[in-house]
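What follows is a short report on a single structure.
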Amino acid sequence: MASSRELPIEPHKTFDTILVLDFGSQYSHLITRRLRELNVYSEMLPCTQKLSELSWKPKGIILSGGPYSVYWDDAPHVDPAAFELGVPILGICYGLQEIAWHFAKNVLAGEKREYGHAYLKVERHTGKAAHVDALFAGLEDDMEVWMSHGDKLSNLPSDFTTIATTTNAPFAGMAHETKPLYGIQFHPEVTHTPKGVQLLKNFAVDICKAKTDWTMGKFVDQEIARIRALVGEKGQVIGAVSGGVDSTVAAALMKEAIGDRFHAVLVDNGVLRMNEAEQVKETLTKHLGIQLTVVDASERFLGLLKGVTDDPEKKRKIIGNTFIHVFQEEAKKIQAAAAGSPKAGEIEWLLQGTLYPDVIESISFKGPSATIKTHHNVGGLLEGMHLKVIEPLRELFKDEVRELGTKLGLAEELVWRHPFPGPGIAIRILGEVTAEQVRIARHADYIFIEEIRAAGLYRKISQAFAALLPVKAVGVMGDKRVHSQVIALRAVETSDFMTADWYPFDGAFLKKVSRRIVNEVDGVCRVVYDITSKPPGTIEME
Ligand SMILES: Nc1ncnc2c1ncn2[C@@H]1O[C@H](COP(=O)(O)OP(=O)(O)OP(=O)(O)O)[C@@H](O)[C@H]1O
Ligand SMILES: O=c1[nH]c(=O)c2[nH+]cn([C@@H]3O[C@H](COP(=O)(O)O)[C@@H](O)[C@H]3O)c2[nH]1
Ligand SMILES: NC(=O)CC[C@H](N)C(=O)O
Ligand SMILES: [Mg+2]
């Protein structure tokens, strides 16, 4: 690990970086992912980014796909300076159309839309400049590709050559005859284009000459040096730590960077999983050597949630706001306790476990999509706290964070923990949150997860939990009539938590879980399994 104090380093200033300009495609972030998998560092910025405002120069630029049509009056367009920067540019789908529009205003709505698989014919050009063929170098002449577009080029802009065709798209690939400018109508970043990664490698490594030196180890060294430089010799940092993988990995980095000037705080909001606070404390203190303060604010949270029955958003807001208050109070206490110590200065910084998808969502061209639910978000902690934010993971994706956690020596169990939302069990109790309702939901959840682990399914399932429905059903238990509540089990498989499908358990497994819950959890006489995908459902119930 780096030890000397250095100036803050941003990865794009030390690693060769491919800049992805996002026009709002569902797959834009995958371009960045694929490049990083090739050990080429890549960052994504909104398509409206002014290049003169960048403090660094990319090795190449990729224009993503997007839902707009380039010929619409309000369509987003790339800063024309991109074409003057002298670096290679690859346009994907909308990006191809954008390049064509820039040079020739020659895009129109096609008669046929193309969604799904297509066969691409690559055209080679002996006798032309070598770079024209470089994008498809080493690839077969016939390629399976994946398309998703309705617009098309009416003709090629002058000085461009066709480098690939499909039966529907005569200009499925084009290259400029003298400059390293390329456009492709298909999406190389999705797995449905099997050789797509090779094409991205051709662009980034062979055409842009980007070095393949992005590794997690180097990233960690840099991040630690950056944190040290930011915080200084005496600065103190308070961190919201939940025991989830994001905040634990962020905390481990912080500890490495500034030792005991980092103060981790877990708020017991009364709606954590069973034994969670104790378990997290044990893991962080014993195994990671991080001093963790558990603030038991459960009565305060439950008191505030009392009587909230109608609007789930109210629950989320109460919990989000109360988190802020508890943190403010805790920061004051820590600072007071350290006062007078020559080693410790003010608490100026707040650690957040923000990941790249959170950042990406907030930078898209038209802003984040409609609010479906207010995610409890540490961003809210900022209000009134006057703390500056440190987000060591803001360049990383969830699976990169898991890889980093493994590298930092975190236990597998911790690294692969299912995500657990800040508002916890409160958004899994559909109705008023009371201590009694928490007891029921928590116990049922514990049994469900225990059985999932015992069946060896924990890693296969992305997230699972038990929710408590605010309805009663009739049952017969021990020859007696009972009238009690219903537990709904939810388990999903997903790669990015944006879309998800329910997990197809076998009947024997569900029978066992149902029998255990009804027998062991007082107040439940029925168990149902939620078979709604996302969309239209969401993963959480509220
Ligand atoms: N009970 C809690 N006490 C302190 N901080 C919390 C608590 N719950 C959530 N947070 C803060 O909110 C952030 C966002 O929560 P989120 O659930 O997205 O991340 P995580 O808990 O670190 O990881 P995971 O997504 O795997 O659950 C956390 O990184 C943490 O900083
Ligand atoms: O920290 C969090 N605070 C929240 O308020 C919150 N709401 C949902 N989630 C998690 O986000 C993912 C997607 O959930 P939804 O499909 O319910 O929106 C799932 O992993 C959810 O558990 C949250 N995480
Ligand atoms: N996926 C895309 O980038 C689509 C681009 C454009 N909206 C079209 O339909 O052709
Ligand atoms: Mg969490």
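Residue numbers in this text run from 1 along the chain shown.
Each residue, glycine too, has its Cβ placed from N, Cα and C.
Keep in mind that what you see is a predicted model, and the values were worked out from it rather than measured.
Over in TrEMBL, the protein carries these features:
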type: BINDING; residues: SER242, GLY243, GLY244, VAL245, ASP246, SER247, THR248; note: ATP binding site
type: DOMAIN; residues: 214-417; note: domain 'GMPS ATP-PPase'
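Looking only at the binding-site residues SER242, SER247, THR248, the densest Cβ neighbourhood within 10 Å occurs at THR248. Among the binding-site residues SER242, GLY243, ASP246, THR248, the residues whose Cβ sits under 6 Å from any atom of ligand 4 are SER242. Spatially close to GLY243 (ATP binding site) yet at least six residues away along the chain are LEU266, GLU276, GLN279, VAL280, THR283, LEU284, LEU414, ARG417, PHE420, judged by Cβ distances under 8 angstroms. Counted within 10 Å of its Cβ, the other Cβ atoms near ASP246 (ATP binding site) come to 22, all protein chains included. Highest local Cβ density among the binding-site residues GLY244, VAL245 belongs to VAL245, counted as other Cβ atoms within 10 Å over all protein chains shown. Apart from SER242, GLY243, GLY244, VAL245, ASP246, SER247, THR248, the ATP site neighbourhood in this chain, defined by C-beta within 8 angstroms of the site C-beta centre, holds VAL241, VAL249, ALA250, ALA251, GLY353, ARG417.
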